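In what follows, a structure is listed as structure tokens, so that the remarks can point back to it.
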Amino acid sequence: AKNCPNIRVCVVDLNAKQIEAWNSDDLPIYEPGLKEVVESCRGKNLFFSTSIDEEIALADIVFISVNTPTKTQGIGAGRAANIKNCELCARTIAKVATSNKIVVEKSTVPVRTADAVRRVLACNDKGLTFQVLSNPEFLAEGTAIDDLEKPSRVLIGGEETPGGQAAIAKLVSVYANWVPSEQIITTNLWSSELSKLVANAFLAQRVSSINSISALCESTGADVSEISRAIGSDPRIGNRFLQSSVGFGGSCFQKDILNLVYLCETFGLDECAEYWHQVIKMNDYQKSRFTKKMVSRMFNTATGKKIAILGFAFKKDTGDTRETASAFVCRDLMQERARLHVYDPQVKREQMMIEFDYTLGVNKATEPDLDKLVVTETDVYEACEGAHAIAVLTEWDEFKTLDYERIYKGMSKPAFVFDGRNIVDIKKLRDIGFEVYAIGKPWPKE
């Protein structure tokens with residue numbers, strides 16, 4: 001909408017509360033620069049509505065942008081993506097459309113989902129013709145607006161037919177308003193669909209790879225940051241996604257890799273499936289390893305101890321908590337009966353509780369003392385006051401510049417800092433008096 005002022009864009013959803021939020025000053029998600037873009041276009045050529053049928057009928061191009069969660073039951077449970085919402089969208093489009101349309105998969109979907117969408121659309125009884133395209137998104141949360149304004153590439157896949165090629169050209173013309181032609185890649189449907197899964201799998205693989213080395217660094221006295229700098233300077237490797245941490249999170253990496261694993265299994269490629277599944281296993285290992293290290297350093301018990309959790313979002317500059325490593329660390333510490341005081345500048349308690357319940361099955365029914373074990377704070381210094389330990393679990397910039405001398409004075413001693421993102425000044429904090437432990441860094445001798 002921002003870059004194509006002559007095109008009318010309308011976002012529709014069944015959830016009236018979400019649409020109401022998009023039409024308000026308090027947008028339902030946080031992303032740097034998002035509010036400014038929305039406010040510059042809203043009411044001009046950008047609209048948010050619950051009038052789904054009417055807007056589909058008006059549209060020339062319909063983007064399917066619904067969630068495709070991992071199945072929780074049935075065939076492929078725990079691995080396969082549930083494309084129910086994509087199919088329902090296709091059925092709605094076929095039902096209410098009154099003219100030919102281009103239907104674009106924007107959601108991350110298993111390869112050959114477009115075939116299912118095309119077959120559903122083809123069953124319309126009005127003689128309408130639909131072209132189905134795949135246009136996966138490669139933006140990253142926290143930098144989404146920049147990624148959209150200056151994409152490294154735009155990928156568009158379509159059928160290798162005259163109609164399919166014409167549809168591709170139409171969508172290319174939209175992106176050409178601001179994206180250089182050499183950065184717009186066109187391909188067949190199946191390559192486009194699979195590229196999104198593979199891109200996320202490769203990025204997650206890099207994170208798990210460097211995290212596996214972080215464990216070796218701690219055992220040998222090497223420094224994972226120095227390892228990352230050394231190998232990242234090799235142009236064949238590059239320096240992106242080589243920052244060791246408590247583990248990756250977000251809505252994409254785990255879901256897409258599990259989907260890739262299921263696809264490999266479906267086609268009898270068991271060795272390929274196990275190869276990619278190891279990326280998930282390493283991520284799970286890193287989260288549990290971090291918590292075990294915390295407990296062991298605190299004299300093998302966290303029972304009754306106050307622990308300040310700094311950060312609940314899965315990464316900085318976003319309020320997204322899906323699959324956040326922080327939730328898993330909190331769960332394990334709750335099982336140790338620690339008292340957690342959680343501070344995050346963008347995540348509200350309601351969202352934390354939803355994540356605990358949805359991802360981990362932790363709620364007041366399964367954990368009656370939940371409200372006592374997890375306290376949410378709006379002030380970072382209140383979260384740390386009287387704490388036995390601090391766990392830095394999101395790399396928010398503000399955590400780098402806190403008044404740690406003030407924090408140290410108010411903590412129980414010995415005062416521990418467990419840095420799950422490698423963002424604190426270890427020497428400075430140790431000089432203050434903290435016992436600091438960071439992932440992949442040489443650990444002080446007992």
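Cβ coordinates come from backbone N, Cα and C, glycine included.
Note that TrEMBL annotation is computational and uncurated.
Here's what TrEMBL has on this protein:
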- Asp13, Val66, Asn67, Thr68, Pro69, Thr70, Ser107, Thr108, Glu141, Cys252, Phe253, Gln254, Lys255, Arg322: NAD(+) binding site (BINDING)
- Cys252: active site, nucleophile (ACT_SITE)
- 308-426: domain 'UDP-glucose/GDP-mannose dehydrogenase C-terminal' (DOMAIN)
Tell me the Cβ contacts of Asp13 (NAD(+) binding site) under 8 Å, same chain only and six or more apart in sequence, or just say none. Ile19, Phe48, Thr50, Ile52
For Ser107 (NAD(+) binding site) and Cys252 (active site, nucleophile), determine the Cα separation and express it in whole Å. 11
Cβ density check for Pro69 (NAD(+) binding site), other Cβ within 10 Å (all protein chains) comes to 15
In the domain 'UDP-glucose/GDP-mannose dehydrogenase C-terminal' (308-426), how many residues does DSSP put in helix, strand and coil? 44 helix, 20 strand, 55 coil
Taking the Cβ of Cys252 (active site, nucleophile) as the reference point, list residues of the same chain whose Cβ is under 8 angstroms away and which are at least six residues distant in sequence. Thr108, Asn200
Counting Cβ atoms within 10 Å of each candidate's own Cβ, which of the binding-site residues Asn67, Ser107 comes out highest? Ser107
If you count the other CB atoms within 10 A of the CB of Phe253 (NAD(+) binding site), including all protein chains displayed, you should get 23
